[in-house]
Amino acid sequence: MKRIILQNPNKILRRISQVVRNEEFKSVDLKKILRDMNDTLEFEYDGVALAGPQIGINKRIFVVSGKVFSKPDGKNTVIKNLVCINPEIIKLSKDRKLMHEGCLSVRPIYGDIRRASRATIRAQDENGEYFEITGSGIIAEIFQHEIDHLNGILFIDNAINLKDDMPRTLEKQKKMK
Ligand SMILES: [Zn+2]
């Protein structure tokens with residue numbers, strides 16, 4: 001079910017989210033949360049990722065749209081959304097880049113934020129299995145942005161050049177997290 005995406009300054013966005021406990025994996029409740037997160041993200045044409053607090057769930061979960069993993073030449077290849085539960089950053093590159101960023105919970109503001117250009121995270125999937133994944137560019141940016149959400153941090157806390165006057169045509173090309 002598509003849920004409403006909470007907007008800054010909702011207090012839920014500022015809470016530290018709770019770890020998902022072992023007994024919650026494979027539960028009906030967790031399955032529903034994941035389904036709602038995927039449905040909500042699906043509905044946002046410019047959305048690339050969504051964290052639990054953004055739909056009012058203070059649990060350490062985020063999902064990344066499969067579209068960021070698809071190759072530009074991939075012919076209609078549908079890649080599943082990546083579900084990350086209890087994610088932790090285990091490695092960040094020293095190399096940092098200024099990235100242009102927006103957030104589904106801070107519409108319609110964009111800004112520039114310095115982020116590691118490569119990030120490795122360890123997380124659990126919907127079955128509780130641990131995995132590690134390394135991403136660069138937009139994927140590294142998403143991992144850092146989403147884990148910030150789970151700690152009550154919004155990109156506007158650390159971004160510069162905040163603007164809310166994105167022209168419509170450009171807005172379409174921007175990816176929101
Ligand atoms: Zn966000």
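Yeah, the Cβs are placed from backbone N, Cα and C, and that goes for glycine too.
Curation plays no part in TrEMBL annotations; they are all automatic predictions.
As given in TrEMBL:
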BINDING   Cys103, His145, His149  Fe cation binding site
ACT_SITE  Glu146  active site
Cα-Cα distance linking Glu146 (active site) and Cys103 (Fe cation binding site), given in Å to the nearest integer:
10
Residues within 8 Å of the Cys103, His145, His149 Cβ centre (excluding the Fe cation site residues themselves):
Ala49, Ala51, Gln54, Glu101, Leu104, Ser105, Glu146, Asp148, Leu154, Phe155, Lys177
Non-local Cβ contacts of His149 (Fe cation binding site) (under 8 Å, 6 or more apart, same chain)?
Leu13, Ser17, Ala51, Gly52, Pro53, Gln54, Phe62, Ser105
